[in-house]
Amino acid sequence: MLVNPATKYRPAATVDIPDRTWPGRTITRAPRWMSTDLRDGNQALIEPMNPARKLRLFEQLVKIGLKEIEVAFPAASQTDFDFVRMLIEERRIPDDVTIVVLTQSREDLIRRTVESVRGAARATVHLYNPIAPAWRRIVFNASRDEIKAVAVSGTRLIKALTDAMPETAWTYEYSPETFSLAELDFSLEVSDAVSAAWQAGPGRPMILNLPTTVECSTPNVFADQIEWMHRRLARRAHIVLSVHPHNDRGTAVAAAELALMAGADRVEGCLFGNGERTGNVDLVTLALNLYTQGVAPELDFSDIDAVRQCVEHCNQLPVHPRHPYVGDLVFTAFSGSHQDAIRKGFAQQQPDAIWEVPYLPIDPADLGRSYDAVIRVNSQSGKGGMAYLLEQVHGLYLPRRLQIEFSRAVQAMTDDTGLEASADDLYGLFRREYLARETPLRYVSHQLASDATGATAITVQMERDGQPCTVRGTGNGPIDAFIDALDLPVRVMDYHEHAMTAGADARAACYVEVRVGDSPTGFGAGIDASLVTASLRAVVSGVNRHLQAGFGARAQATQTASASAATEA
């Protein structure tokens, strides 16, 4: 790279509009959309689509709700010409859809293009020619007047040919290609000459499409260019002002949005931003940006994964996992703080209320996407993500302090493996840490009774280091009685329970925070169809975790438990 790039590159020209109005405007309705996936998108593919893939994508575009679809450059190849004829002759074009065909301003190409759409109910012929200084000088060696004459002569020929076919509802579109790099006064001169040649007026509108053929400036400069043209165009009331942003600088979406604020009525682009070089503006992102602002986009992406699968198949190009709204990871949070906020947002979000879940600008369900991948756990994650997955997939609602305790084990596992932990991975770890802790004590069965004072009496069949034993105790409820039976210095510090499922076969989960002797507190967990059994299993789990960890009370607890087992055996 150059130390001083100004010796090789010059900044884009700016537009002097002291009273520009677009910065104070908002977009309150959807523009007219035109998909150029089958033309601009197709010509940019390493392997252009065959007719079957083109037809599949055409049908997907119709299903989404697009009413203007650029289907081909018919004069470029017999394949493109035949595809247009197939759509017309097999009556595959819905009555409310207009197909668009592109041509350069050469007589033979124009005649071939118009012939390709003979018999169509509705069609737009789209003419373009480059007008910027570099193209005039380097590519065509032509003057401004010569370039304007090319556009006007092509327009007149298209008018004559289409006027001779009144059975078709014709629309004319003109693009001064390289508009974003051209002088504004010349762009206006050519555009006005073209609209005059077409005789744009009441009942005879035309589309003027202003492209960023090569994106060369910040989006605000393009917005200024659009507002400048919007204010000065002759016959503006009979012109649909369209934009066709490319993404060379990565700001095509912003350029399109600001252009709409500046007076544009229509946007051309491709699904997921396919197109030459870095692509055309992404119609999906534009539409869903409107949707998240409460503006109906008039396009249907309620099954966005199906749309993506179709586009990936037809284009033979993958959609990036970070692509807005549709990528595999765009609704995924690995960060602990993000996960915690999302989890709390889901818990508070009410049906039919304004969407306010942190970090999620749109409800994935609106796009037909599930919540399964919203929170995923790796070494960067915290307790919130782990807790959310256990809740959603396995029905375990861990109390907050248990979340903190278990998150340490999760962190150790993900640090060790360097891999993402799935919901099943987390459940397996939880089972190993809590549910399957059966040494040195293992619960087998129990019987409950009440004595004359109303206290609970319990008899528990257990194993101690693999040896059967029976312990008995009394207390104020089953847990208190069980602790009495264990004859250990155990205190229950906290207790939580919940049903994991509904119905006759429902299971209960219990979480017990215990302290053995003067050791730190720790949790145990148990699951069973019986709530009492689940709570007893949780106590055993908590005690075993303390004993296996070698806390201060271990020696005393082991000695006492051994004595009890010997007495009762």
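Just so it is clear, glycine is given a Cβ too, placed from its N, Cα and C backbone atoms.
Given the structure is predicted, the values throughout are model-derived calculations rather than measurements.
So that you can see what the record holds, here are the features copied from Swiss-Prot:
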type: DOMAIN; residues: 31-305; note: domain 'Pyruvate carboxyltransferase'
type: BINDING; residues: Asp40, His244, His246, Asn280; note: Mg(2+) binding site
type: REGION; residues: 437-569; note: region 'Regulatory domain'
Asp40 (Mg(2+) binding site): tally of other CB atoms within 10 A of its CB: 23
Fewest Cβ neighbours within 10 Å, where candidates are the binding-site residues His244, His246: His246
Neighbours of Asp40, His244, His246, Asn280 excl. site residues, C-beta within 8 Å of centre, Mg(2+): Thr36, Pro211, Thr212, Thr213, Pro245, Ala252, Glu268, Gly269, Cys270, Gly275, Glu276, Gly279, Val281
Counts by DSSP class (helix H/G/I, strand E/B, coil) across the region 'Regulatory domain' (437-569): 43 helix, 54 strand, 36 coil
For Asn280 (Mg(2+) binding site): DSSP state (helix, strand, coil): strand
Structural state of Asp40 (Mg(2+) binding site), classified by DSSP into three states: helix
Neighbouring C-beta atoms (10 Å sphere around the C-beta of Asn280 (Mg(2+) binding site)): 30
